[in-house]
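Peer 1: Here it is: the structure, laid out below.
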């Protein structure tokens, strides 16, 4: 045998690195290993980083600071499955950190992550890729990237995965994505509802819960509800409700059912299958507040459909809701109240709550929870709308007091609802009186000052409903409510402006309120509104006319016209023509002005501090106007004697100096100017006057005159606190008495007008021929009256030489007193006239449609008593120069 030769060991290649085992305890070292070209090292480094990231948020932040994210993103596309899997596991954990999510969006790794969802990949990769997407989908920008890169379809496919973690992550991501409408639409196109319904059979509650939440979102769309119904989704939901062990899913299941009940077809189907009855019974018997609340919400959502309301009524849903009102949960009370509000659109439902439900709702008005009070007030508002019976039931349940308390609530919705209920109640007079006794006007002061348009609108409407009598309007004025009410007329909101106009129209129902509203600028605002085609409304026009019709002095000054329905009352004054928007001073302000050379202000006042003596009544009782001038003159002399005894004659020439006479007269006429004078001062003046007047007279005559002077009205001695009254006009009082006794009994209207015209002409200077009109010195007479009265205001009865507009005003004032309809028109150049309507005597008694009455102008100047047909030549000559 030959000798064995020993083989020589070959040395290792020079370019091969000797293996080295490294143990590192620093994350930074491992992060550096992510750049290694060796697959084994990459896999081990990723595994170590995964374990490190699992330990907490601080470690995730550390990895981000060490720059681990960017090299890891490159490993998502590595050829080695282990490296790729381990890198994906890291991102599944790291993506819960908000800073990491932000960086991942910037690095645009979404395509790489979604690619890991392909069927060829391992289940572990599916798990962590879906987990990464679930974390990324929490933020809106992440949702957009997932959707735009086609992530929805593979996620839906993974719902059928055998791994529960994959299912859980996928349905969670889908739930986040479907918050966006576009994703919901795409989900339906991808037929995602069947696999989602299948998840309801899962043995894992979290998967079932996420599936129900997803269905609760997507069934907000009608198409999704249809697909759910076609795939027997309602059966799945009903079974969940019937299973007590799944009580943690009942709330979400009811939310899905609530959406489905919005469809009439679904409602009918549930009614036919008995599912609806089961749902209502379940809600009524449940002791879980959230279940009761969601059941009530389901009813409320479905009840907005008219057909659904009918079905609910057939299922006696009202009883269920009344039971829910007694829940201990405020949320359930709110939801039940809202459901009742929706059901009230159905008349049968509204009638049911008349006997049951309203007392329970009224109790909720006293709740400490303001949201409960708001919901209860909403239910009561809908229950009482167009339902006097329910309004009475609410009042009987003592709802008025808590409703008025709610008007001071901090929640605008509660205030608006409470105001609506009070408005509905106030349509009935007995309830309105009760509401007024609770100081409703003072309670509305806060809502009228609100900046919320809904509160403003309802508050103004409540004012319109409750300010129907003088006491309520006075209460509103005294508490300062007119100022904010007028301010609401400036609103840019159409409903606020309309309701404010309505309230102003109601408040202008009496003259003092109309005058006050005009003083606050309501008339000017309404005039401006009515000039705008876009802002005006029927109520603004009606309010404007109502203000003028109850403030005739302003109306006549602005428009120069009073219709036959505009009845002149005591205190009316003719200031003369003013331009629209110009402020008209009050009568008191005009009376207190210094004497000026402007046009005299004519006053109509039948109220007097003194009354005609009994002898006057006796004398005038047998006097019919038109018998003789002497009879009329005797009456006039009697009235003059009375007036002279008090004021001094304004027309007769006196032998005493004018200064003494005018001093006494002015103090008797304008009580404001003599308020501060003491009685001793007045007696001193009167005594001086009597001493001067009594020279050469007998002692008994002096005593008589002294008694007459001391019989002056006592307003010269009044205190400053005494209420101001317009200057009295005893002459006009006599006129009213005379025409009432002599002209009112006349049966024929035309004869009444003619006799009254002659009477007025006689009191104002008699017949004036046209050719002597220029010689009729009425201006001097008026100036003398102003000087004697020391006032710019002249009572109409004092005028004995009157021109057209004086006579027309006196005719209108007297005609209104005896019920003779006539209008008053202001012309140019001191012209004024009255228009009357008369039926043609020849057509009286004829059968069939009668022609309209003819209009005439009453001649008070040239031929007193003549009736001039309107628009005739004679009438035009009377009206115009």
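Placement of Cβ uses the backbone N, Cα and C atoms for every residue, glycine included.
Sharing the record's features from Swiss-Prot:
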type	residues	note
REPEAT	57-96	repeat 'ARM 2'
REPEAT	181-220	repeat 'ARM 5'
REPEAT	222-262	repeat 'ARM 6'
REGION	605-659	region 'Disordered'
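Could you place the listed features in the three-dimensional structure?
Peer 2: Residue counts for the repeat 'ARM 2' (57-96) under DSSP, helix first, then strand, then coil, are 30 helix, 0 strand, 10 coil.
Mean pLDDT, taken over the repeat 'ARM 5' (181-220), works out to 91 on the 0 to 100 scale.
Tertiary neighbourhood of the repeat 'ARM 6' (222-262): same-chain residues 184, 187-188, 191, 193-194, 197, 200, 205, 208-209, 212-213, 215-216, 269-270, 273, 275-276, 278-279, 282-283, 286, 288, 290-291, 294-295, 297-299, 301-302, 304-305, 308, selected by CB-CB distance under 8 Å and a gap of 6+ residues from either end.
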Peer 1: For the repeat 'ARM 5' (181-220), DSSP counts of helix, strand and coil?
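Peer 2: Counting residues per DSSP class in the repeat 'ARM 5' (181-220), I get 32 helix, 0 strand, 8 coil.
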